[in-house]
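Participant: I grabbed these lines from TrEMBL:
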type     : residues : note
ACT_SITE : 370      : active site, nucleophile
ACT_SITE : 425      : active site, proton donor
DOMAIN   : 207-589  : domain 'Glycosyl hydrolase family 13 catalytic'
């Protein structure tokens, strides 16, 4: 019987499920969970009864969340005000044009402000010490009533420590930081333009089918340089729209001093990276994307921070803690970075306000949270293999401070912005990661299906074509927690990085440089690679999840890896670019892969299989290497056999009627051989087969022999086909 679940939320944002205020200070960890009711926990148990033995863990987590919400309401008037702390910290221009500066530096002995405005005098403008480690400074306006600090002028916080050190720091709340061409350290630049950019277009509605284009602004050009926000707006956004993606996941936007970190070593959390342009140019990029009906997600990094001190958060007040745990807990041994103290009130203020800032100021539509596995466990996933045993997800190995922070972040975001999308990067398989907070879950909308790209790479790297395990492929694509939505992808930026290979490179390798011309016959390697590139993407798209992701350039089989300028490559930008120009050359086959990716997305947009319930797999035939499944009244047929094709092959369908081909990877325009007649109509037989009520017979290709340039003979690997049932309601 369905369970009706409901929850009341107060206007200030505190969950109203407890019903009574608790004496939090008098409770021990053992007591937590005894006095709280999770409003919709029965919904979670209905979805997965095997979680029942861990009910106490869920209750404790939920009560810790309640405690935070209770304290936020008592101390700050609710999370609405608390998460707008970017309006009070850093630097603020008041209505009378005076400037108000505020920082949190609990270990500091004294704070001073210096910069262009005072000729870099280190002692003339001293902050006043306030309670709880806060420091404040007010600068009256100039005689002409203009602000004391000009727009685009440089500033520094001078921190005096109890040990007598004098440190030069950037405000953690800095909205804009820049670096001179040959400098190493970033500068805090006061950003207060006289005419700031005003967004014109409203946020698009949250789509039911999420098709994500993972993108990096700096590599968004064929030229060997750092590309700009304006370049992305003008040249890349139209391509994304044409390809049929309805969401962009922007990487490396939060400022990071080291370009080759791919944006994952953040130094300034509130600053949009200046290497691509100004904050207003990023705002325009997002605004134009919204005008095209495209959502924009920020790849947010709250799992760790750069160790940089002069232009980062590390040792801001001179101590080894402040925003972070003291070592060793506050250091990540593999990432060489600092780890936040999520139990700290001011760290919660900083991180939650950071999320709110990107939503409000830039109008992002949500976030992809990086490094969730590292946050969830004290071991950070280092040297740990997750088997799926539920005991791995509960107990002392779980870092409940960071887990509750993630619950709080999702609760805040989804309460304030109901259409906000949050995606978790987690390799552990944490149960209830993508269930509502009100059920006891962490509240994410999607998780990344990270096992899928690993499986494809493993197959291409280790197995011959005839050794492919069809059942294992289907298992990997369908092995996800029921009721928790996944973003499926065949490859992301991880596979494009130097040291690994993209799917196209695994399939075609060096021949991509010499044999991708459509003016010459396809070699065996290019033919096989082209067909498998399309097949792998479509089966991942159709079977692998409730959303789909592609990394920029991989849709057309970008021929090179990704490597940012660094000492090891002589600071070269040659591989830190995307060669979109290859798609525009009619004589190259890259455009054929691009066209298939485009039409695959457009077909999904029409039939909506990503928003449909999981597929019904009616065939996973090991000997024939055939996979058949239906989803959203669309029938998918894949033949992965390297040298065997079939006539009058019987496949199962549920809906009776007439079927027609709607997407065929063997079509000539996609680099195929055009062996199917798209005017053919397929009629069902009322004969149950493989768990479905009806069946049809199809021809899965003919054997094609092609003589390559070295006169060797090969048998071409076949395609997949997608069919639509006519006369049946979707």
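Glycine is treated like the rest: Cβ placed from N, Cα and C.
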Participant: Roughly how many angstrom lie between the C-alpha atoms of the residue listed as 'active site, proton donor' and the residue listed as 'active site, nucleophile'?
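Facilitator: So the alpha carbons of the residue listed as 'active site, proton donor' and the residue listed as 'active site, nucleophile' sit roughly 5 Å from each other.
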Participant: Between 0 and 100, where does the mean pLDDT of the domain 'Glycosyl hydrolase family 13 catalytic' (207-589) sit?
Facilitator: 96
Participant: If you skip the near sequence neighbours and keep only those at least six away, which residues in the chain come within under 8 angstroms of the residue listed as 'active site, nucleophile', Cβ to Cβ?
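Facilitator: Within the chain, the residue listed as 'active site, nucleophile' has Cβ neighbours under 8 Å at 264, 299, 300, 301, 302, 303, 425.
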Participant: Within 10 angstroms of the C-beta of residue 425 (active site, proton donor), what count of other C-beta atoms is obtained when all protein chains are considered?
Facilitator: 19
